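Below is one structure, written out as structure tokens; comments come after it.
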There are 2 protein chains.
Amino acid sequence: MSRLLAYLPLYSWLKNYQRDSFVSDMVAGIVVGIMLIPQGMAYAFLAGLPPQYGLYAAIIPLFLYALLGSSRSLAVGPVAIASLMVGSTIADSTARGLGDPVTIAINLSLLVGVILILLRIMRLGAIVNFMSHSVISGFTSAAALLIAISQIRHLTGLNIPSGGFFTDTFSYLLSNLQAVNSATLLLGLSGLFTLWFVKAKLCCLLERSPLPVWLVQPVCRAGPMFAMIVGIVLVASLQLEQSHQVAIVGAIPEGLPTLSLISIDLQLWQQLLTPAFLIALIGFLESVSVGTTLASKRRERIDPNKELIALGAANLGAAFSGTYPVAGGFGRSMVNHSAGAQTTIASIISALMVVITVSFFTPLFYYLPKAVLGAVIIMAVIPLIDVKSFTDSWRFNKADALTLLGTFAFVLLLGVELGIMAGIAISFILLLYRSSQPHIAVVGRVGDSQHFRNIQRHDVATDKHILAIRVDESLYFANTRFVEDFIRAQCASHRQVEHVVLICNAVNFIDASALESLENLSVHLQSQAITLHFAEVKGPVMDQLQSTRFIEQISPGRIFFTTDEAVRELGLGDAEVYEI
Amino acid sequence: MSRLLAYLPLYSWLKNYQRDSFVSDMVAGIVVGIMLIPQGMAYAFLAGLPPQYGLYAAIIPLFLYALLGSSRSLAVGPVAIASLMVGSTIADSTARGLGDPVTIAINLSLLVGVILILLRIMRLGAIVNFMSHSVISGFTSAAALLIAISQIRHLTGLNIPSGGFFTDTFSYLLSNLQAVNSATLLLGLSGLFTLWFVKAKLCCLLERSPLPVWLVQPVCRAGPMFAMIVGIVLVASLQLEQSHQVAIVGAIPEGLPTLSLISIDLQLWQQLLTPAFLIALIGFLESVSVGTTLASKRRERIDPNKELIALGAANLGAAFSGTYPVAGGFGRSMVNHSAGAQTTIASIISALMVVITVSFFTPLFYYLPKAVLGAVIIMAVIPLIDVKSFTDSWRFNKADALTLLGTFAFVLLLGVELGIMAGIAISFILLLYRSSQPHIAVVGRVGDSQHFRNIQRHDVATDKHILAIRVDESLYFANTRFVEDFIRAQCASHRQVEHVVLICNAVNFIDASALESLENLSVHLQSQAITLHFAEVKGPVMDQLQSTRFIEQISPGRIFFTTDEAVRELGLGDAEVYEI
């Protein structure tokens, strides 16, 4: 029992839990709760589910994460990108007659939870490392853009067919401008205005006012709530849903979600496996990266293994409360942190606010216009469109920038699933391409030190009989021919060379193709009275070479401990050793 | 004109061409011709085409290669593996009603030729380097096995359905044992026996006899020819095709192929593009690797760029003579070399022998039993099954061995096309996996030298305030977390450390993910009063870092020229610097 408790991060935090900490958690929990209620409804909507499912996803999963999670301030619940992915899976699966949206959502949650826990058990959490920063950044920006575009339908009241190419939305919009529901559009714009006004103007005013922080904080984050109130009041007072056919949320069932039993449907699971895997990976990655960022601000660290379990449990909780997958969201986690959350008690407070809402206040949302939910979604995803990452990586590394741009383009063109897979493929191919044409330097001695550097960058001394070549890459199938050609060309243009020393301090492994190529090279050079030597071969590579007959085969070529030693020994017997 | 001539390797060879050389070429050409005629017919048969197409593929393509090729002894023509690939493409395409076998074969030749020439023009010949030795070896062995199994049908006279899984052949064989045509089986076995006898017994006897080499050489290689003669004589004399329904080749049209015009069929080309690309790559790779091996025996080298053009032209020649793709074959090239071929004049001699055969002798093949052609194919591909490569690579490098085995298994399970693509994917994934968990060493000073080596492998001196860590891999998305975790763990277990020096002599590039991770690491260590420094950063990486604000951000951490310098400067001010 005590070992189990020791596993729970919350238990260790509560040991030193003070009254102050609880007040902080309380404020942060309320602030996040105020955002969570409108966002939950809006994201459910984005996933193609009735709004209450977004609220259900903000109860049991939050309690489970609060218990098991290793991040003090990660705010778990329905998030934008996972909602988009669930939405596209639901649209796809219902079109193929695999079941109703809610059944598919529940099964997705179950699979996501199981996959995350399996990744922990199989110690494969490191798999997320194969998605590079650039792939994630390109993916996130493109997904945010797709989400924003998908809301045009709700802001205009137009029945834009979903599932097509993203430009279809614009062409439909342009050819049906006369059919735009102006009341809906005005409600949407008023929602956007309210959100912008609260965030950009009201908040600044209040922060400069003498009002206490515990009051300013919740008001600043209440933009979505205010937008909803404005929308509800306008629709209800002017009866816009009747006079102007404004689409409203309508009746939401009151009460907590009932625990559901999930039936085993192997055929459905097979169909949902790939999307569930991607939702699990993206959700885990988003949570870990936000969690790491926030933890490092406190000079702490989160434990990715515990996160796998905590997020897995949260998703199983989502499945059993009959709703769709959850993750740690970017926006609400940032707010949770800056509002002062000390522990996951804050999440429990947020969840309790949702419990109160679904228990008593759902009738208040009857007149809530869908256009306002669209506005809430758009304002939430705009910060995810990240142009700076692109400009930064363009300056630092063109391959990263290309990966980012490629992923962005493929997500827009092929959709989220195929798009991210294409992005990962691009990052792999560029990596291989880079290492297939490695940097190779001819080096010389720096002054009279034991160090050797590139003759093109440093003022170094070389021996005309010795060619010291450093290959800045492991030797393997994709670059072995390139390296061989370089060395042959160098030998051809330095006629006095008698010894070639291949400096292997950057060679981290040698594969079978490269081994064969080096043997051939050694034989070929020998025929021109040139001996091939090696220097600074690393321990693991040396072990590998010793398991073969390589060392005999390159004889009289030798393997030197250092370049210095090689050049000293091979240069002996020659009076005029160095020429600068 | 003279520049054009200078481009042709044959032209430079003929400058020093002697009577002796011509005699050597003549003998080699005849020896290869004796093999080429039966093999050509057999391989056409493997490709699903009438036997004469194999002979047509051995005329114009050989002349073109002789003119343009850079290998003195590569024997171009119909080859086993390309024939298998063509056969599977033809079976697939005719099943989908894309045209008759010959049309598909011609279009494949055309596409293969165009692809090879385009690869030269686009300077993309290096693309073959992405197929590792292990992928090729696994592929070749599996393809050879599939070829041998496919001939069971002809050796038994059973109508085994083609195109299925390779084990289907055995289950069909076992459940239809009573239907085996015993006369066909005996003919096949007599063919196998003749081939084995000539190669293993007769040849040894003759070599030890006082007979001249120019007589022994052709006889030794005439196994397939003898097997054909034995088969023809047996069938014709016993009328086995009537009394025992032995399948025979039948009437082969006499005369040279007529030059054909190829109609443009974009839809067909689109379908054939992937197989043509793979046939081109595999054919090019096989030719270059055989050519390189043979050239290195003469201490020469072939020019892969010229090979792309020469093989491209040879395949266009195949298309215009109305037949299927060619490549440089392993077996006949070896024979050509060991029979003494000096230049590609030998190939012209072989082609002339084929010309004479198709012009006058095709009626002789009327009674040739298909079982004998099957035996010829089986004996030709058995040497391609390469178990030694597997055992060698298992000892040297497990990843290579797994790639080889994986490719072998996938080719058997999925067929040649998907199989080789799966093999390439395996080799890429293993490569990434390896670099995602790089070798990391904590290093210390060797004696009082300027060199630093792994503390676990060498007797070195370390400073307890300085942790010098060498990462043996470039820093990028797949390994950045691994490296960060290693350094944090080391710092946690060495409480007295004040400086961490990351030695980057094996870091060939740093991507955006790794850059961010290093910045975070620097901030995190700073919070524990540890400073992160770098040493031995290479020129290209330094250029990259200088394009960002990284160097300011890691301050007070510094970038040292050498590890020696770093340890000397950081260790100053401490009396008891070194502890062994």
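Glycine too: its Cβ is placed from the backbone N, Cα and C atoms.
Automatic prediction, not curation, is the source of TrEMBL annotations.
Taken straight from TrEMBL:
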DOMAIN    A:456-570  domain 'STAS'
TRANSMEM  A:21-46  transmembrane segment
TRANSMEM  A:52-68  transmembrane segment
TRANSMEM  A:103-122  transmembrane segment
TRANSMEM  A:134-152  transmembrane segment
TRANSMEM  A:172-198  transmembrane segment
TRANSMEM  A:219-240  transmembrane segment
TRANSMEM  A:276-296  transmembrane segment
TRANSMEM  A:308-327  transmembrane segment
TRANSMEM  A:339-360  transmembrane segment
TRANSMEM  A:367-385  transmembrane segment
TRANSMEM  A:405-433  transmembrane segment
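Between the transmembrane segment (A:308-327) and the stretches A:21-46, A:52-68, A:134-152, A:339-360, A:367-385, the greatest number of Cβ pairs separated by less than 8 Å involves A:52-68.
Same-chain residues lying 6+ beyond the ends of the transmembrane segment (A:405-433) with a Cβ under 8 Å from its Cβ atoms: 81, 84-85, 88, 130-132, 134-135, 137-139, 141-143, 145-146, 165-166, 274-275, 278, 282, 390, 399, 478.
No contact links the transmembrane segment (A:219-240) to the transmembrane segment (A:134-152), because fewer than 3 Cβ pairs that are 6 or more residues apart lie under 8 A. Fewer than three CB pairs closer than 8 A are found between the transmembrane segment (A:339-360) and the transmembrane segment (A:134-152), and contact between the two stretches is not assigned (pairs 6 or more residues apart). Summed and averaged per residue, pLDDT over the domain 'STAS' (A:456-570) gives 88. Each residue in the domain 'STAS' (A:456-570) gets a DSSP state, and the totals come to 49 helix, 23 strand, 43 coil. Under 8 Å from some Cβ of the transmembrane segment (A:21-46) lie the Cβ atoms of residues 52-55, 57-58, 73, 75, 77-80, 83-84, 87, 147, 150-151, 154, 214, 217-218, 221-222, 224-225, 227-228, 249, 323-324, 331-332, 335-337, 339-343, 345-350, 352-354, 357, 365, 368, 370, 373-374, 376-377, 380, all in the same chain and six or more residues away from its ends.
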